[in-house]
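Undergrad: According to TrEMBL, the protein carries these features:
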type	residues	note
ACT_SITE	Asp436	active site
ACT_SITE	Asp872	active site
BINDING	Ser400, Lys406, Glu407, Asp436, Lys627	UDP-alpha-D-glucose binding site
BINDING	Lys628, Asp652	Mn(2+) binding site
COMPBIAS	22-45	compositional bias 'Polar residues'
REGION	1-49	region 'Disordered'
REGION	197-221	region 'Disordered'
REGION	762-782	region 'Disordered'
TRANSMEM	310-329	transmembrane segment
TRANSMEM	336-356	transmembrane segment
TRANSMEM	948-969	transmembrane segment
TRANSMEM	981-1004	transmembrane segment
TRANSMEM	1016-1034	transmembrane segment
TRANSMEM	1070-1094	transmembrane segment
TRANSMEM	1100-1121	transmembrane segment
TRANSMEM	1133-1153	transmembrane segment
Amino acid sequence: MASPRSTATGGLGFRGAGRHNVQMTGRTSADNPTVGRQPNRFNNLSRDESELGAATDSEMGSDYLYTVQIPATPDHQPMGSTRDTARPMDPNIAKKAEQQFVSSTIFTGGFSNQTRGHTMDKMMEDEGNHPQLAGVRGPTCAVDGCDGKAMRDERGEDMTPCDCHFKICRDCYIDALNGSGKCPGCKDDYTVNDDPFSQNGESENDMHARALPPPGDDSSRLERRLSLLKTNKPGMMSNGSSADFDHARWLYQTKGTYGYGNAVWPGEDGYDGGDGNGPPNMGSLPEFNDKVRKPLTRKVSISTSVLSPYRLIVAIRMVVLGFFLMWRVRHQNPDAIWLWGMSVVCEIWFAFSWILDQLPKLCPINRLTDLAVLKDRFDMPSPDNPSGRSDLPGVDIFVSTADPEKEPPLTTSNTILSILASEYPLEKLSCYLSDDGGALLSFEALAEAASFARIWIPFCRKHKIEPRNPETYFLLKGDPTKNKVRSDFVKDRRKVKREYDEFKVRVNGLPDSIRRRSDAYNAHEEIRAKRHQMESGGDPSEPLNIPKATWMADGTHWPGTWTQSGKEHGRGDHAGIIQVMLAPPTAEPLMGSSDEENIIDTTDVDIRLPMLVYMSREKRPGYDHNKKAGAMNALVRTSAVMSNGPFILNLDCDHYIFNSLAIREAMCFFMDKGGDRIAYVQFPQRFEGIDPNDRYANHNTVFFDVNMRALDGLQGPVYVGTGCIFRRIALYGFDPPRLRESGCCYNLCCCCAGKKKKMKKTKSQKRESEVTGLTEHTTSDEDDDIEATMLPKRYGSSAVFAASIPVAEFQGRPLADKGVFNGRPAGALTIPREPLDAGTVAEAINVVSCFYEDKTEWGGRVGWIYGSVTEDVVTGFRMHNRGWRSIYCVTKRDAFRGTAPINLTDRLHQVLRWATGSVEIFFSRNNALLASSRLKFLQRIAYLNVGIYPFTSIFLLVYCFLPALSLFSGQFIVQNLNLSFLIYLLTITVTLCALAVLEVRWSGISLEEWWRNEQFWVIGGTSAHLAAVFQGLLKVMAGVEISFTLTSKSSGEDEDDIYADLYIVKWTSLFIPPITIGLTNMVAIAVGVSRTIYSTNPEWSKLLGGVFFSLWVLMHLYPFFKGLMGRGGKTPTIVFVWAGLLSVIISLLWVYISPSSGGEAANSGGFTFP
């Protein structure tokens, strides 16, 4: 999971002044590219000079600012570096000291700003003691006059470069080397370890066995700039088998035996005597890889006893709908032609919408994974991996938050803790928190979570805790000792529970703590300014302009958003920030101890923690930051520079990992045969805190268990925003390997199909050649300059990011085996990665600056797509449109769980945002009608339905008023309720119910969930979907931008009534259409019944028809009206005002258009316009 590192020509050769502030300049002299390194400054390549086509290190000289090299292996095997110190430093000590410095430094910078590194004394009020934790407590440097922290290794042990064990900090050690080269303690010369990497039983030669040697002088410029891991291991063949014959495998995998009675014994020259001709009775030697290996995944088809009737009923219903619509068109109602016309148009649209929704459901499948096979293949010792280190690829996990007031820090912290406790190789896991608000509250809450992780993570590993969200775990009902076998579980649980309660108190008290601290520092600054004013002879009565800053725990200004916004410290105006909260772990396990300082006994427990990074991208006025999509793309670039995991998991701050094996479940699909063509694995969304009756269909089980499972049988499910693991290079806009162009059905009816196909083929071939040149090194030297100029236009100016692309592509491949195309050799990802250095983090600051995406393809073809409030659906559509597949992974134990808004108003606003995004998709180039031929037909239908479904609200609104209009007018949608109409109606209803029952059988949902979904479809369709259509049209036609408020996340702290939000009624204009529909139908029923009863010629058939459909509407709106009633008479007064007003208006309108006396119309109950 290593990333390319930037090798700095002086990365350790500086000291901070004052509070250890280190500046990394962003501008250098263009006239003199060999500017020497200045004292106390760390120079990094500026954005003006980071051209990918620049000269190499050998062409520029050793004094160039810094060079960028891709590691020889995906785990970044050292390639050497250039140093200008007077005395060489021990490489082992240098790298560990550099990582210690990085983890204790907060980096800031951005557009037209210098990149600065501020070494923090502490991250929070209470310091932790885990060796990976930023700002960890430790011994002080023993040099006189220095109060810095002494160097420590990744295990928390003192790291002394001299045999006298003199404790020294990193900066003093560098000064000593640059000066006399002697130890300040014993005054002897420092010695450098000749072989610092020969540890853990593996020599340097062994670690380099699978490394690609540095390129020679005859290599092309592209090969010098970008390199991929190759294998130099002797005896390694293309199919992964050894050149030597394995007798044990032959015995195990065949019927052969050794002993008396065997016809053939192996001779000294092998089985064939060395002449190439095998014995006639033995035949050819067995090829062991011909044996079918047990797959990591398998499809489980739906039973034909369920699926066949399901498809048959769909066909029958489609035929019946066709005949019914033909019958409706031919049999008009001349007495109420307007009523007949509106009903026929609505019914035709409903049939079309139903077909769009139903066709993609014809091929549902289930999938199963085999985690035991995954562990045996990637985590167990083998001839290719004798050390037994994990050969799984790295995973970078993104968590996004924007406002700590609406997204409680405690909820985000629990999500982070569940991620850090995942059952995945620790050295392959990296977690990134994107704080788009740049709030100090989120920063310190993350620091508290990192500190508590040193207790929570070992506890989870020791006792196999599930779930690994501490808030959820400690609220579980039932016996906590079930299936627990260790005798100290109860004692450990009690201690950890107490620590968690204290952790919650600290996090909940952070807002007040930050406010009190900032007030104290600001008051102190005002006193100092006042004293300075008086000493300088100023007027004491003149007011002082002292900014109200927000202060960090170490007494310095917070570089992000201040509580009282100031210049360059507002929500839309602050520098980029990166802080490594937990440094990358070591490759070897780090076992704990029974020390009294530990809360629990961790003697046999690995106490390492995954890497944890805080990131807040730079924001400046005048730049379009593209909301969440822009934040996700900033995370993609940051992670590519710092860890470069080939797979990315993105989670919302309120969605935590419920199943610690979830990531391994996804890896089964990516690492299986054909997995290199999978763009992402989507997990279903499961929610907690939903009321037992699921009044507003918050679980959304019909979508996640019916529609998404059915799409998995086509080209794959759509991307739904969270709980999804991506292949990194799929986000980079690459096409899948082994892509086969298929003919499009539209080409058959297009006269210019041949010309368009030729143009598309030329464009596709050009793109394919560019990608191939980047990842496979097949371009010539003449094409290197062209490629170097294309990469900045596509991905930006960072050479480090561009260099990480082929590494991520290689690491994401499945293991090479027979029948596996585009595989990588086994054991290629077992090399430990390099520690972080300051140059890497400085480059990460560069790629999150606000200017970086200018004139690039970010948001257009690369990364999350911009221009829609539903960027998730558009991003998934673009991948499917390029030919990628996706997988729907439903696990026995829910993979992820989150929260959903159970309040009616919040729920409608959530649906409004989704529907508005769908309207935007329909009127954009992301419309499925404009998709390429790589998108399968039924998948195209599914995406077309995504863009069309909000428009159904127009016809639904009209259709919900038709029963009331029928009752008011005394007419019906048909002239007479004859037998044909009733048979059609009965057949359509029965087939709909039969389909519902069969969907329940093959999807596993309940009929109640299906009915709740139908009810909320009407509620949302008559309110949120209708508003979304008008908002989308305003944006398309008038350019009116749409803004949405962030959905509030519940912190889950109201234990007295966890469903309190369900009964809160917050008025919104979205309530008006459903209220109008409901009142209109209720008044119409009363009017129709009274008129029919007192009519001289009652028409009961038309009354029954109108009342039946009015009750159908009211039954669907029942949850809506129940929600309006609130609880305990807390219904807002405006609801009653609207109800009374609408009732009066409807009654007067009916009296006006149908008076009680004065004509034939009144006696017959007919309808006459005034």
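Each residue, glycine too, has its Cβ placed from N, Cα and C.
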Undergrad: Okay, the transmembrane segment (981-1004) and the transmembrane segment (310-329): do they have at least three CB pairs under 8 Å, pairs separated by 6 or more?
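TA: Between the transmembrane segment (310-329) and the transmembrane segment (981-1004), contact is present.
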Undergrad: Roughly how many angstrom lie between the C-alpha atoms of Asp652 (Mn(2+) binding site) and Lys406 (UDP-alpha-D-glucose binding site)?
TA: 13
Undergrad: Please indicate, using numbers and ranges, the residues of the same chain that are 6 or more beyond the transmembrane segment (336-356) and have a C-beta under 8 Å from a C-beta there.
TA: 318, 321, 324-325, 328-329, 941, 944-945, 948-949, 952, 955-956, 958-959, 962, 965-966, 969, 971-974, 1167
Undergrad: Using only the residues recorded as binding UDP-alpha-D-glucose (Ser400, Lys406, Glu407, Asp436, Lys627), report the maximum Cα-Cα distance in Å, whole number please.
TA: 16
Undergrad: What is the total of other Cβ atoms whose distance to the Cβ of Asp652 (Mn(2+) binding site) is within 10 Å?
TA: 24
Undergrad: What stretch in 948-969, 981-1004, 1016-1034 has the biggest tally of Cβ pairs under 8 Å against the transmembrane segment (1070-1094)?
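TA: Per the Cβ count, the answer is 948-969.
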Undergrad: Within 10 Å of each Cβ, count the other Cβ atoms and name the one among the binding-site residues Lys406, Lys627, Lys628 with the highest count.
TA: Lys628
Undergrad: Tell me which of the recorded positions Asp436, Lys628, Asp872 ends up closest to Lys406 (UDP-alpha-D-glucose binding site) in space, Cα to Cα.
TA: Asp436
Undergrad: Would you mind sorting out which of Ser400, Glu407, Asp436 (the recorded positions) have a C-alpha within 10 A of the one on Lys628 (Mn(2+) binding site)?
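TA: Taking Ser400, Glu407, Asp436 one by one, the ones whose Cα falls within 10 Å of Lys628 (Mn(2+) binding site) are Ser400, Asp436.
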Undergrad: Do me a favour and check the Cα-Cα span between Asp872 (active site) and Lys627 (UDP-alpha-D-glucose binding site); whole Å is fine.
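TA: So the alpha carbons of Asp872 (active site) and Lys627 (UDP-alpha-D-glucose binding site) sit roughly 12 Å from each other.
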Undergrad: At the Cα level, what's the spacing in Å between Lys627 (UDP-alpha-D-glucose binding site) and Asp436 (active site), rounded?
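TA: For Lys627 (UDP-alpha-D-glucose binding site) versus Asp436 (active site), the Cα atoms are 8 Å apart.
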Undergrad: Validating a neighbour-count step here. Other CB atoms within 10 A of the CB of Asp436 (active site): how many?
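TA: A 10 Å sphere around the Cβ of Asp436 (active site) contains 23 other Cβ atoms.
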Undergrad: For Asp436 (active site) and Ser400 (UDP-alpha-D-glucose binding site), determine the Cα separation and express it in whole Å.
TA: 8
